[in-house]
Amino acid sequence: MRSALPLVLFSLVALCGRGDCRVANAEEKLMDDLLNKTRYNNLIRPATSSSQLISIQLQLSLAQLISVNEREQIMTTNIWLKQEWTDYRLAWNSSRYEGVNILRIPANRVWLPDIVLYNNADGSYEVSLYTNVVVRSNGSVMWLPPAICKSACKIEVKHFPFDQQNCTLKFRSWTYDHTEIDMVLKMPTASMDDFTPSGEWDIVALPGRRTVNPQDPSYVDVTYDFIIKRKPLFYTINLIIPCVLITSLAILVFYLPSDCGEKMTLCISVLLALTVFLLLISKIVPPTSLNVPLIGKYLMFTMVLVTFSIVTSVCVLNVHHRSPSTHTMAPWVKRCFLHKLPTFLFIKRPRQQPSRAPQSSLARLTKSEATTTTTLAMGPTSSSNLYGNSMYFVNPGLAAPKSPVASDSAGIPRDFRLRSSGRFRQDVQEALEGVSFIAQHMKSDDLDQSVIEDWKYVAMVVDRLFLWVFVVVCVLGTVGLFLPPLFQTHTPSEEP
């Protein structure tokens, strides 16, 4: 055992003789020399005089855009805030310490400018991890702490879901003002070298700006504008396209026949479906009264159109079920809706086929009835006009005056034939009056049915007119609502 002890000591001496051990000893000695309590106090600002400004260079690196909560108006990001300044007390001559030029020191042992996120939304102002600071031999200090920031973000819902937001991250020292430190931008924009793309937002620009207040010389801050644009595919698939399809169902209302009885049911069903979508939107966007979201405007627009279709359906049904006993068709209605509008609306009314005797037959029947009535009124001598050449009970010889007791060649008394012909004339007259009544009644029914068909045709023309109005207004309204947000431009806010 004693013989092995010299060998161990020799090995330790050999290892310490290597460069690594010398460097380790040099860094340890340098750490002790720099952070000696009699020489360095991490609570004191590294300034040679009380009037000297310590310049703090800031550079933001965006690692990930975690989320944007529209309802709570909070943006969550994963950032690295690079801070650089010069501390003359941490400078050394590298030749005296084995050529050591860089030294890593725990952040709690050196002075920090206590720069925090001013527009913090969760009350946690500390960084996620207090990493070491990197100190160089010339006294320059670099600190790159990672942080999960939850910042307040004013959400503009005007163009939702085709919106573009400008969320800001404002950094400022918590205890030092502009008379003690000066915050400057190392680069005009934030870095995205290590950025992980987001599935919901596109990064448009990340400009930074230094803000001072001329009226307050002690104020200075550095603000980064996160100009982000939403990827609308999710909301297009789940909100906009279903709304458009449901709205297009309202067009079918104008194609449903009025006798179907389902026009009002379809209209109200579409209206209820749009109301459900409106309730879904209210749970996504913030409850603000400053602006109405674009999708909300579209839903309200479609709800107005569907309500209009309900009103028009009521009017069309009212016109469709009119009859001559309740309404009289005005001449301007006939002229406008039966002759002029159908041509412009590409409607051609089919030619109506008469289902009963034509008007000329009815006229001949009426004329024959009048002739028969006159003949019967004139007596038996004119009955030949009714029966043509038939001489059943009247012959030409009866025209001459004879004795009332005379008999014909058959031996039948002539007064008996006259009495028989009088009873026959009465029966025929009653039969003809019945036929005339039936003919007039059928004619009246045909006229009433023709008027009813005219009212139904007017209802169809009105329905087609409202259909074209609905389609034109729906298309123009949809294009007018969704087209402007696609070409919107956004400029960073210049407010301090």
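Cβ coordinates come from backbone N, Cα and C, glycine included.
In terms of which side of the membrane each occupies, Swiss-Prot places Asp87 apart from Val461. Of the cysteines listed (Cys149, Cys153), Swiss-Prot assigns Cys153 as the disulfide partner of Cys167. For the glycosylation sites Asn93, Asn166, the ranking by surrounding Cβ atoms (within 10 Å, all protein chains) places Asn166 first. Considering only the glycosylation sites Asn36, Asn138, Asn166, no residue lies within 10 A of Glu262 (Na(+) binding site) on a C-alpha to C-alpha basis.
Close to Asn138 (N-linked glycosylation site), meaning Cα to Cα within 10 A, are the following glycosylation sites out of Asn36, Asn93, Asn166: Asn93. Between the alpha carbons (Cα) of Asn166 (N-linked glycosylation site) and Asn93 (N-linked glycosylation site) lies a span of roughly 47 Å. Here the Cα atom of Asn93 (N-linked glycosylation site) is found 16 Å from that of Asn36 (N-linked glycosylation site).
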